[in-house]
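Marked as domain 'ABC transmembrane type-1' by TrEMBL: B:78-289. As annotated by TrEMBL, transmembrane segment applies to B:20-40, B:74-97, B:118-139, B:151-176, B:197-220, B:270-292.
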Amino acid sequence: MPEEQVDKQVVHASHLNLFYGNNQALFNINLSFEKNHVTALIGPSGCGKSTFLRCLNRMNDLIEGVKIEGNIKIHNEDIYHPQTDIVQLRKNVGMVFQRPNPFPMTIYDNIAYGPRIHGLKDHKKLDEIVESSLQKAALWNEVKDRLHTPAKGLSGGQQQRLVIGRVLAVEPEIILMDEPTSALDPISTASVEELLQELKKSYTVIIVTHNMQQAARSSDFTAFFLNGEVVEYGKTSRLFTTPKEKRTEDYITGRFG
Amino acid sequence: MSSPTKQHDSWWKEGVGKVLTTVSASILILTTLAIIYFIASKGLATFFSNGVSLVEFLIGTEWNPEGAPGQFGALPFILGSFIVTVGSALLAAPLGIGTAIFMTEISPRIGQKVMQPVIELLVGIPSVVYGFIGLSVLIPFLRNSFGGVGFSILAGILVLTVMILPTITSLSVDAVKRVPRDLKEASLALGATRWQTIWNIIVLRSSLPGLLMAIILGMARAFGEALAVQMVIGNTTAIPKSLLSPSNTLTSGITLNMGNTIPGSAYNNALWSMGLLLLIMTLIFILLIRWISKRGQA
Ligand SMILES: Nc1ncnc2c1ncn2[C@@H]1O[C@H](COP(=O)(O)OP(=O)(O)O)[C@@H](O)[C@H]1O
Ligand SMILES: [Mg+2]
């Protein structure tokens, strides 16, 4: 598979099975993610995209009765190893959720939350982190005069960029996004998509999206999920033009889903 | 198109409904106004008809309405009420909030199956039972441990703590449950531990207005409780010297003395003044609650 061989792969999932109680939600997933690229996970609702994404920062640990087989390696370290430091893992693998979920605090405190949690108290340093994170999230110019006002006062798109900034403030390497624009209007969506292109220069981004145009526009690689399996994985440009699998073609041409 | 009779029918029903609800609402409002008017006129008569000075009433320490001349210093009652209210809230708030967090965040299953029914039971127990238990268990215990008579402010505080604990707990459970899962997950996903998340997101932020409300409602209940407190507090009219001194509260002052006074007398009116004070405090509690819930929404 020469076309898939690009720079460097940082995340490897192999033979991954996941069960919610007795219900298997993921079947033998084998996927690797390229450093400094955007990978899109597409597929109809309920096919396991979120479930897979939440394996990568072990958010599924919070759900009772979840059982996981196989392994996920980040930089060759098994993140499900009993000795894994989950705090460290989650600092390294940030997550942006479907609905913008700023904390009920000021804009400043939202960004400073992560660094503070991890023990940073120095005001100067916090100020710097807040500014640089908001810069990276392309929000600084819009909010620099009201850092100490409630985050709830921002528009949906601004809130989602704030949340991205909040993730960037803990200096992750990988950013997971679960349908980050599905609750946003087209203009806000465009602002987040634009940001993605900026982010991939410094981060590895894995984004679940319901929106095929978004995957086609914003991602470098795409994995197509169906019923808990990965049907096809490849360069986005190739997968959307010449899918190898019939089921992929049916999905991207809108025949189901 | 509906037929004319049908239209008439629904008009008729709607009319009856409107009248009924309006009448009910009016009765409620009139009753409330009447009660306020009654308490206020009686309670104010102390100062306007009987010539007791308001200052003496509020900060005087001598309570001897039947003396010659009568002394109307209600400070011991006022102080007693405030100390037991604040004291029981100080004990019950951390316990109640801690229990609520245990029930919702730490062990929802035990919370649902064991704690919830226990709390509902505790809410339903009549206050005389709490007073009786306080009287037969707590008072001897305090007497044996600290000496003295056992009847004391501390006994009042402890009985009230147990009484308001279920109120504070169940309201706190509601408040904690209202915290969106999104916010907790966002905090955990940033690498926060479970306790950091509980403390920073749930307690200090999202449910803070709800928790404050729970505490204030608990305090309102403590402030207004008469029977159970009266059974354990000792009912003396001296300013308490320590938590182990017997004392009194506005409510127990009223219930214990109301029967012994002649309507219209200065003594009787002074009890109404204490009632008026309770009413005003209740009003303040309500205003506080409204203010907090408004700020919580913002
Ligand atoms: N917490 C959960 N408990 C039990 N089953 C779940 C849970 N979350 C998701 N599932 C099930 O797992 C499957 C995949 O869901 P999900 O990963 O949310 O799909 P997607 O994100 O692709 O829409 C679905 O059948 C869903 O019902
Ligand atoms: Mg999903």
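Please read every residue number as a count from 1 along the shown chain.
Cβ coordinates come from backbone N, Cα and C, glycine included.
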So are the transmembrane segment (B:270-292) and the transmembrane segment (B:151-176) touching or not, going by 3+ C-beta pairs under 8 A with a sequence gap of 6 or more?
no
Examine the transmembrane segment (B:74-97) against the transmembrane segment (B:151-176) and state whether at least 3 Cβ pairs sit under 8 A, considering only residue pairs 6 or more apart.
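Yes; at least 3 Cβ pairs under 8 Å.
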Could you pull out which residues elsewhere in the chain have a CB under 8 Å from any CB of the transmembrane segment (B:20-40), counting only those six or more residues past its ends?
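272, 275-276, 279.
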